[in-house]
Amino acid sequence: MALVPMRLLLDHAAENGYGIPAFNVNNMEQIISIMQAADETDSPVILQASRGARSYAGENFLRHLVLGAVETYPHIPIAMHQDHGNSPATCYSAIRNGFTSVMMDGSLEADAKTPASFEYNVNVTAEVVKVAHSVGASVEGELGCLGSLETGQGEAEDGHGFEGKLDHSQLLTDPEEAVEFVNKTQVDALAVAIGTSHGAYKFTRKPTGEVLAISRIEEIHRLLPNTHLVMHGSSSVPQEWIDMINEFGGAIPETYGVPVEEIQKGIKSGVRKVNIDTDNRLAITAAFREAAAKDPKNFDPRHFLKPSIKYMKQVCADRYQQFWTAGNASKIKQLTLDDYAAKYAKGELTATSRTSVAV
């Protein structure tokens, strides 16, 4: 089989009440880790790459690594997603390079630093949706800026993230605006701002409702029951990996991520895609440091890379179980981009809100 549209996976997740972790990839070892975990847990897969990852790996290398996963695991439905596309051009180049899903992040302007107006966000996102849907590709939009409700600041990821401080009105997705945004853009998925941010340093204490607004997801889901919601910046930052890194020479200070139980609450309220990167980075770093410390004379790269696959695979398998993804890959009938282009053309996948239906 070929890669599948992300919409196919999100629809199945919604129908069956589970979420799908979307793991960022940059190299072969990360893809192997994810696919081994998915194979062992019978889980559908969303691989995603940022602009930085595409630049780091190179378009051709990245594309063939992903196709290698498809050929090796033909029984697992896999979507390849562009994370945080900063402009329509970025999204179109991703589709040309084989991505079956793109994120048009119009919450920021094309410089990926300046918070954008609602009108700008709607216009660029709707433009991408029109083009992507014509070829069957899925589109994720974002409303609100990702950042900390504690500090008002965000953490740039591969150069993508606002600068300075924002107030809560910009850091929390407005439910009524979300309805208007979905109706005007027809996105397949909506990333919501609830106080999470990129990187390891998300919260200075275990998050509560004051700094992690899971209740905002519930409000949005009530108005948009048929829209697939997305949580960004949702690594849990497990203490075990931080302890291991620091045991073997690291210096990561105390920090807190998004507790798994909070993500599970989100999944029960319409979250279908959960973005995770930092947890895997921590596991890989722990493996490298441990391997180097225990055998300092070894200079074979495989000595460091093999344990990194093992540890990252552990993280991925845990998330597939915790998000109730496990056991669902074999239940999904794989469809193509052409199949979905036909569905969009016929209006079968038109987004509706509770408000618009009532009218």
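Each residue, glycine too, has its Cβ placed from N, Cα and C.
DSSP gives Ser50 (D-glyceraldehyde 3-phosphate binding site) a coil state; it is part of no helix or strand. Residues annotated as D-glyceraldehyde 3-phosphate binding site in Swiss-Prot: Ser50.
Taken from Swiss-Prot, the feature active site, proton donor applies to Asp83, supported by similarity to another entry. In this structure, Asp83 (active site, proton donor) is part of a beta strand by DSSP. The Cβ of Asp83 (active site, proton donor) has Ala22, Asn24, Gln48, Ala49, Ser50, Ala53, Met103, Asn275 as same-chain neighbours under 8 Å, each 6 or more residues away in sequence.
Secondary structure from DSSP puts His232 (Zn(2+) 1 binding site) in coil. According to Swiss-Prot, the Zn(2+) 1 binding site annotation covers His84, His198, His232.
In the three-state DSSP assignment, the secondary structure recorded for Asp105 (Zn(2+) 2 binding site) is coil. Annotation comment: Swiss-Prot describes Asp105, Glu142 as Zn(2+) 2 binding site, evidence class similarity to another entry.
Here Swiss-Prot flags Gly199, Gly233, Ser234, Ser235, Asn275, Ile276, Asp277, Thr278 as dihydroxyacetone phosphate binding site.
Distance between Cα atoms for Ser235 (dihydroxyacetone phosphate binding site) and His84 (Zn(2+) 1 binding site): 17 Å, as a whole number.
His232 (Zn(2+) 1 binding site) is 11 Å away from Thr278 (dihydroxyacetone phosphate binding site) when you measure Cα to Cα.
Sequence-distant neighbours of Glu142 (Zn(2+) 2 binding site) (same chain, 6+ apart, CB under 8 A from its CB) are Met103, Asp105, Gly106, Ser107, Asn121, Leu190, Ala191, Val192, Ala193, Val230, His232. DSSP gives Asp277 (dihydroxyacetone phosphate binding site) a coil state; it is part of no helix or strand.
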